[in-house]
Amino acid sequence: MTARIEFRLNATDGKARTGVIATPRGDIRTPAFMPVGTAATVKAMLPESVAATGADILLGNTYHLMLRPTAERIDALGGLHKFMNWQKPILTDSGGFQVMSLSGLRKMNEEGVTFKSHIDGSRHTLTPERSMEIQRLLGSDIVMCFDECTPFPAEEKVALESMRMSMRWAQRSRDAFGDRPGHALFGIQQGSIFRDQRAESAEKLSDIGFDGYAVGGLAVGEGQEMMFDVLDYAPDMLPQDKPRYLMGVGKPDDIVGAVARGIDMMDCVLPSRSGRTGQVFTRHGVVNIKNARHQDDPRPLDEACTCPACRSYSRAYLHHVFRAQEMISGMLLTWHNLHYYQELMQGMRDAITAGTFEAFQAAFHAQRAEGDIEPM
Ligand SMILES: [Zn+2]
């Protein structure tokens, strides 16, 4: 346990890194995958089940929580950790991304964003200062700067103006956050797919000084190839001695590719959302449990997986409860998917420590190329 949030790098292999972010609420082993607990819950999972999958940290969404039940209410009830019964670290986003993707009628200017709630149409304002206040009320351990996630594609000039405003907002976020021992503030690099803009953004953020740095503005429709092109240089521009967080990523092969390029933390709704739509991630790629090929199959999803869905249930059962729209379907498939993601992270941490990350990547891709087991 530590009073301040500290990042210790334990090993590197190529650009891939493994280490620990020590926080007063426990250690976060990196590379880390953060399940998304949008509305103070990882859907279909008890918090103790999320912890059992190996997650060290969750992500909470400022936009959703500020609208319902409100940050003030959560604060009055003892903070987000107590409210949702999750005692390990929580990272909250700034609300900016979801304002742009979910809310109606928005007005953005230098001050911030005014918008209408997607729930009841009520009017709200988010500024860097208000975002810092909300994340403080929630009790978040890792707070994100308020920024504009530059839409993709963006013309160079538009991306530049957007990035520079985000850097002014980063300074305002830093000023409003103040000195809060035990809590971290991360800056967010923008600059779309433009290398010189990414460099300018990284330099500005380093000058301000943060506890960690996110690569923002990716996974917004540019595709894996273009994302990897940016990740080939963008993380290198950020300070080596602080955690680097790639926001909103991704599919398993995105995650492995990002770690190979020096990323330490990621989050994505994919494993939990897919669990509710019958899409399952395994070592052999994606399995669609709704497919009729599973209806008489007594075998587990993945015989090597130790999650409850694979240990105790057949593909036939998982197919049946999905088709019958039984709640246990979302519960079991989400558990499996989160377990798979966390096992992937552990595999990468072990491989980086052992200096065998290249072999790990080759085996990862080879197994996926084999595809799912043959039908019965
Ligand atoms: Zn499983």
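Cβ from N, Cα, C; glycine included.
Any TrEMBL annotation is an automated prediction that lacks curation.
Among the residue ranges 122-128, 129-135, 248-254, the one that TrEMBL annotates as region 'RNA binding' is 248-254. TrEMBL names Cys305, Cys307, Cys310 for binding Zn(2+). Of His183, His336, His365, the residue it gives for the same site is His336.
For the substrate site, TrEMBL gives Asp93, Ser94, Gly95, Gly96, Phe97, Asp147, Gly217; the one candidate out of Gln171, Gln190, Gln279 that the record lists there too is Gln190. Taken residue by residue with DSSP, Gly95 (substrate binding site) is part of neither helix nor strand, so it is coil.
Distance noted between the C-alpha atoms of Phe97 (substrate binding site) and Asp267 (active site, nucleophile) is 14 Å. Listed in sequence order, the recorded positions among Asp93, Gly95, Gly96, Asp267, His336 whose CB lies under 6 angstroms from an atom of ligand 1 come out as His336.
Residues of the region 'RNA binding' (248-254) grouped by DSSP class, helix first, strand second and coil last, total 3 helix, 0 strand, 4 coil.
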